[in-house]
Amino acid sequence: MAESLLSKTYIDGIYIPAGLLVFGTVIVKREWTLYAAVLAVILGAIKYLRTLPAKVLKPDVFQEFELKEKIVISHNVAIYRFNLPAPTAILGLPIGQHISIGAVLEQPDGSTKEIVRSYTPISGDHQPGYFDLLIKSYPTGNISRHMASLAVGQTIKVRGPKGAFVYTPNMVRHFGMIAGGTGITPMLQVVRAIIRGRAAGDTTQVDLIFANVTPSDILLKEDLDALAAEDAGFRVHYVLDKPPAGWTGGVGYVTADMITKWLPAPADDVKILLCGPPPMISGLKKTTEALGFKKARPVSKLEDQVFAF
């Protein structure tokens, strides 16, 4: 997170030295005061730029990042924390965009092939020095199985940013979000940014429908519940395909009735965000259109009312 321009770091490292340079010149050689002031501004600007976090992502070049820690969530889900080159470095990933992970992997026929998949970190640029990926490993998943096999100290190849969606504060009055499984990651990224921005005037309302099969499949439920408890402008609604006895949330697939009940009605200042398995997204595009939202494109653009990550 960038420091305030009135922080002790800037006062001690920039303002005081600049002031001393100008004040000393006034005493010793008053006619050089203007030159001293210009020099003080230039030196201060250079020092300020050097304090800014370095953005490391490159959109067209893969870079290697070392696995620092693996936090196991369940038998097939983990959070992978990767080191950035310096403690003050940041990915430089706009809110709502994602990264590409690439690896050369052996195929069933014995050949090798470079596989590239997209993932959205659950961390952000306000957390320098590392980035976190929440990944669910599937038996048939190329990159997800590769990630599960990584040991601390090994590296992955990453490039970015990628994606058509970039969040800016108050871009809409109300977001309706629908996520399935690991599709929660871009939603969480946006929600956290909105809540962090409250102090600066972000008033965006958010309702999230999060669909899963069983309670154990609900990723980061504690985090989501904590955010909802912290911020009255964020509400989360859970849907399970196989609910336990006594379940009070939604049951089955996400339906038009659930969207009508929990998400904002169609309006020019409302946007629906979708992320989940392709069959789910395909069905939800048709459902939202039937409810009066503008028809979603096959490939979403930022200005779309219904945007699929």
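Placed from the backbone N, Cα and C atoms, the Cβ positions cover glycine too.
Nobody curates TrEMBL annotations by hand; they come from automatic prediction.
Per TrEMBL, these features apply:
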BINDING   ARG117, TYR119, LEU134, LYS136, ILE143, SER144, THR185  FAD binding site
DOMAIN    60-168  domain 'FAD-binding FR-type'
TRANSMEM  9-26  transmembrane segment
TRANSMEM  32-49  transmembrane segment
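Sequence features, as recorded in TrEMBL, placed on the structure.
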| residue | record | Cβ contacts under 8 Å, 6 or more apart |
| --- | --- | --- |
| ARG117 | FAD binding site | SER100, ILE101, ASN142, ILE143, SER144 |
| TYR119 | FAD binding site | HIS98, ILE99, ILE101, LEU133, ILE135, THR185 |
| LEU134 | FAD binding site | ILE73, VAL77, ALA78, ILE79, ILE122, THR182, ILE184, THR185, LEU219, LEU220 |
| LYS136 | FAD binding site | ASN76, VAL77, SER144, GLY181, THR182, LEU219 |
Q) Which numbers of helix, strand and coil residues does DSSP report for the domain 'FAD-binding FR-type' (60-168)? A) 8 helix, 52 strand, 49 coil
Q. So which one is it: of the binding-site residues SER144, THR185, which has the fewest other Cβ atoms within 10 Å?
A. SER144
**Q.** Cβ atoms near ILE143 (FAD binding site) (within 10 Å, other residues, all chains)
**A.** 21
